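Summarising the annotation, TrEMBL assigns transmembrane segment to 26-50, 70-86, 136-154, 166-187, 199-220, 241-264, 276-294, 306-324, 330-350.
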Amino acid sequence: SQYSAVDTNPLSVYIMQPIWNKIIEIVPLWIAPNLLTFSGFVMILVNYFLISFYDWDYTASGTSPGLVPTWVWLFSAFTTSCAYALDSIDGKHARRTQSSTPLGELFDHGLDSWATSIFVLSFFSVCSRDNGKTGVSVYTMYIYLSIVLFNFMCSHWEKYNTGVLFLPWGYDISQVVLIAAYLLTGAVGVEVWQKPFLFGYYITDALVILLIGFSLFLSFPQTLYNIHRAHLKKTLKNDSLYEGLLPLVSPLLLFILLTVWVVLSPGNILAKQPRLFLWMVGVAFSNVICKVIICQMSSTRPELFHWFLFPLALVVYAAISGLLGWTEEAVLAVLTALVTAAHVHFGVCVGRQLSEHLNIYIFSLKKRVQE
């Protein structure tokens with residue numbers, strides 16, 4: 001299928017695109033576009049693990065001065081800027097080197113679906129978790145992450161139905177806000193997040209309100225409108241309502257199961273292990289979305305129930321019924337490790353199959369020799 005994406009965000013069109021067009025000129029022509037995509041993702045990961053090292057339980061920024069060294073915040077601003085730039089030029093570089101492939105498209109969106117949650121989880125370290133005075137509660141973190149992932153899912157659900165990816169406005173804005181937040185923290189210290197800045201509200205409150213406003217009143221209505229317009233023009237990919245809504249079943253069930261665990265956990269799992277739990281949410285979600293992206297690209301029908309729903313349902317049942325008892329955290333750790341391994345394995349397999357099928361290398365512009 002021919003890849004088509006529409007970007008109408010003024011920030012992107014008038015400010016960022018001219019910058020990307022300048023940067024792209026210095027990228028050597030022998031570099032494979034997927035190498036750019038992957039390098040950006042690795043930077044996000046390195047940054048995430050670095051922050052996790054200094055702030056495993058999201059409490060480091062709750063003290064004044066914070067326990068995370070200043071250079072870490074500046075490094076975060078640097079890696080986030082690089083990742084944002086690399087993610088924005090990979091497609092341009094592919095067109096420039098005439099190497100645009102379905103593999104590149106899947107690689108880009110697949111890594112984006114995972115990076116989305118990692119960005120959010122890194123950002124939570126800036127504002128710290130609620131300590132009675134400042135910070136956000138772990139439940140707010142969970143809802144915040146869910147809304148961001150819901151937004152990401154909407155744009156790909158929309159593409160599944162219309163064949164066109166309308167790039168969400170929130171993407172460029174969120175990247176710029178994220179970089180600014182890291183620079184601000186590096187320059188002023190975490191204290192900036194601990195003082196009310198307007199009418200007794202904290203900056204974090206404003207960001208949460210902005211995000212929810214953006215999602216519910218801008219992104220989601222826009223998605224529904226674009227699908228409705230395609231329906232009127234008779235350009236929808238799926239004839240039946242059932243087929244059109246099918247990709248939403250697994251993500252919604254995933255969200256319901258996770259929420260049940262969060263709310264009914266006897267050991268209060270989210271408060272005990274916020275980093276593990278939220279990481280697991282992001283990985284599980286990424287895997288579900290990747291399957292939808294593959295179905296959308298190959299015009300196949302997604303499965304009704306994603307495989308992960310079955311082990312998750314078992315674990316959630318065992319946890320909330322008290323069967324797990326004191327082993328709940330250990331079981332979460334094992335589940336998180338398994339889901340992460342399964343997701344990486346899935347990505348490697350799909351990448352290898354596609355590279356063989358399309359007769360290309362993933363990280364090189366050389367053609368494969370036909371056996």
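Each Cβ is built from the backbone N, Cα and C atoms, and glycine gets one as well.
Non-local neighbours of the transmembrane segment (166-187) in the same chain are 5-9, 11-12, 16, 61, 70-71, 73-74, 76-77, 80-81, 84, 119, 123, 126, 151-152, 154-155, 158-159, 193, 207, 211, 214-215, 218-219, 222-223, 226; each lies 6+ residues outside the stretch with a CB under 8 Å from one of its CB atoms. Panel annotation: around the transmembrane segment (306-324), residues 250, 253-254, 257-258, 260-261, 264-267, 269, 284, 287-288, 291, 331-332, 335, 338-339, 342 of the same chain, lying at least six beyond its termini, place a Cβ under 8 Å from a Cβ of the stretch. Within the chain, the transmembrane segment (70-86) has long-range Cβ neighbours (under 8 A, six or more residues past its boundaries) at 20, 23, 36-37, 39-41, 43-44, 46-47, 50-51, 54, 115, 119, 122, 126, 175, 178-179, 182-183, 185-186, 189.
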